[in-house]
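Structure record follows, encoded as C-alpha cells.
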Amino acid sequence: ERRGHGGALGKVALEEQPPQPNGGAPAAAAERPPPPGAERDSPGLRRSTESEVYDDGTNTFFWRAHTLTVLFILTCALGYVTLLEETPQDTAYNTKRGIVASILVFLCFGVTQAKDGPFSRPHPAYWRFWLCVSVVYELFLIFILFQTVQDGRQFMKYIDPHLGVPLPERDYGGNCLIYDPGNETDPFHNIWDKLDGFVPAHFFGWYLKTLMIRDWWMCMIISVMFEFLEYSLEHQLPNFSECWWDHWIMDVILCNGLGIYCGMKTLSWLSLKTYKWQGLWNIPTYKGKMKRIVFQFTPYSWVKFEWKPASSLRRWLAVCGIIFVFLLAELNTFYLKFVLWMPPEHYLVLLRLVFFVNVGGVAMREIYDFMDDPKFHKKLGQQAWLVAAITATEFLIVVKYDPYTLTLSLPFYITQCWMLGIILVLTWTAWRFFIRDITLRYKEIRRQKQEHKYEKDKCLSNGDGHSSILDEQIGNKLRERKL
C-alpha cells in the first residue's frame, strides 16, 4: 500500500517555492525525488488508522519501469512470428492464436503504462497486470452476453472441448443424519462424504476475504447471509440443498468461522508490524537479506479499516452496497456454472476465484479510500469500478441465459422471512438516521428553552431584572460577533 495522497501535495509545494538567490537550492531539491513513503509519513497527511513507514528511498533495477525493454522484446517476438515462422493453414488454430496474441500485447501495454493502484508489493506491475486482466475478462463477458444462449454455451468449447455439455448438479441434501445407525460399517459416513475439496476452499476463501474486508462484523454478516440465501434458493439450484449441520456447523462455524478468526489474527499482526524498509544491498547480513526478500511479499504499509456504518447515512448505504455486491458475486459463482454448463471442479471456476482474490483486495481498499477520504479520492478507483461492472455483467448473463430458473417463485414462508428482514432494516434505517436525529434535535431545543426560562425566572426572583449569568452570556455573544 505504497501510493498515497501526499505525493501530489509534495510536488505542488516544491513547484510553488520562489527562486532563491543563494545558488538555487530549492531547484536541486525539486530534482531529487523524496523517498517513496516520505510524503505519507507527514503527520498532517497520514490518517490515524494508517501505519507509519520508514523508507531509505532505495530505487533499484527492480523498481524501474523498463518500458523500452518490454517494447523491444515484444517487437522482436512479433517480428519472429511474421518473418521466420510459417503460418499454419488451420483457420480455427490461427483464430485462437491471434486472440491470445492480441490479449498478450494488451497486457504488455497495461503492465508498463497503466496507472498504479494503492498497492505496490510485491511489485506495482503485478497489480497493473490484474487490472488489465479485469478489462479482458469484462470484454469477454460482454461478448458472451451478446450471443444467443446456444451459441454462448457452444463457444465455451473453443476454450475447452469438454464444455458445452449439460452436467447434472450434485445434491448435497439427502440423508442428513450425523450418526446413521443403519450403516454398521461407518455410521458417520454422511460427515465423511461432505469432507471434499470444497472444505479447505471455504477456509482459505474466507481467510482471504477477511484480509480484504478487515472487519469481523462484516465478514460474519456476509457469511451468515449467504447461508440464508442458500436456504432460500435451493429450489432453483440443487447444490444449494444441504443438511442443516452442513450449513451452520461445517460452513459457518468451522470453515468460515475458522478462516475469519485466522484472518483477524493476521490483520492484528499486520497492524502492529513495524514498516521499516531498506534496500537489499544496504543490509549487511545474509539473514537480513533473506528476511527482506520474504517481507517483499507483505504490504508496504497498513491501513486499518474502520467502516463505521452507523456514523452517517452515506456510510450505512455504502456498507450495505458492499455486502450486496459480495453476496451477488458469490451467487454468480454458482449460477454461472449452472447456465454455462461448467462442472464445479473445472479449472475456469478456479481461475475465476483466483482472479477475484487478486482484484478484490485492491477494490476494497479503493472503496474504503473513496468513503473515508473523499477530499483526496474524489472518484471511485479503477479496480473497484471494474469489479462492480464485472459482477453486474455476470448477473446479466445469468438472467439472459436462464430466466426460467431465476423466476421460479420463492416458497411463501421464505418470502415472508425476507420481507420481515427488509422491513426491519428499513425501520432501523429510518429510526437511526431520521427519527432519532429529529428527536435529539427537539430535545436539545427544549432543554435550551428550559434553561433560558430558568435563568429568566431567577432574575425576576432577585428583583433587579437581570443577573450576572445573563450578563456573562450576553458578553460572550458580543465577543463571538466581534471575532
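Yeah, the Cβs are placed from backbone N, Cα and C, and that goes for glycine too.
TrEMBL does not curate its annotations; it predicts them automatically.
Here TrEMBL flags 22-31 as compositional bias 'Low complexity'. The compositional bias 'Basic and acidic residues' annotation in TrEMBL covers 38-50. Per TrEMBL, region 'Disordered' is recorded for 1-51. Taken from TrEMBL, the feature transmembrane segment covers 61-83, 95-114, 126-146, 216-233, 245-264, 316-335, 347-364, 384-401, 413-434.
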Close approaches to the transmembrane segment (384-401) from elsewhere in its chain (Cβ under 8 angstroms; 6 or more beyond its ends): 131, 134-135, 137-138, 141-142, 144-145, 149, 152-153, 325, 328-329, 332, 335-336, 339-340, 356, 359-360, 362-364, 366-367, 370
The transmembrane segment (347-364) vs the transmembrane segment (316-335): 3 or more CB pairs under 8 Å: yes
Segment-segment contact (the transmembrane segment (316-335); the transmembrane segment (61-83)) at 3 or more Cβ pairs under 8 Å: no
Closest-packing stretch to the transmembrane segment (413-434), where packing means Cβ pairs under 8 Å, from 61-83, 216-233, 245-264: 216-233
Intrachain residues whose Cβ lies under 8 Å of the transmembrane segment (216-233), provided they are six or more past its termini: 206, 209-210, 240, 242, 247-248, 251-252, 256-257, 260, 263-264, 307, 319, 322-323, 326-327, 330-331, 410, 414, 417-418
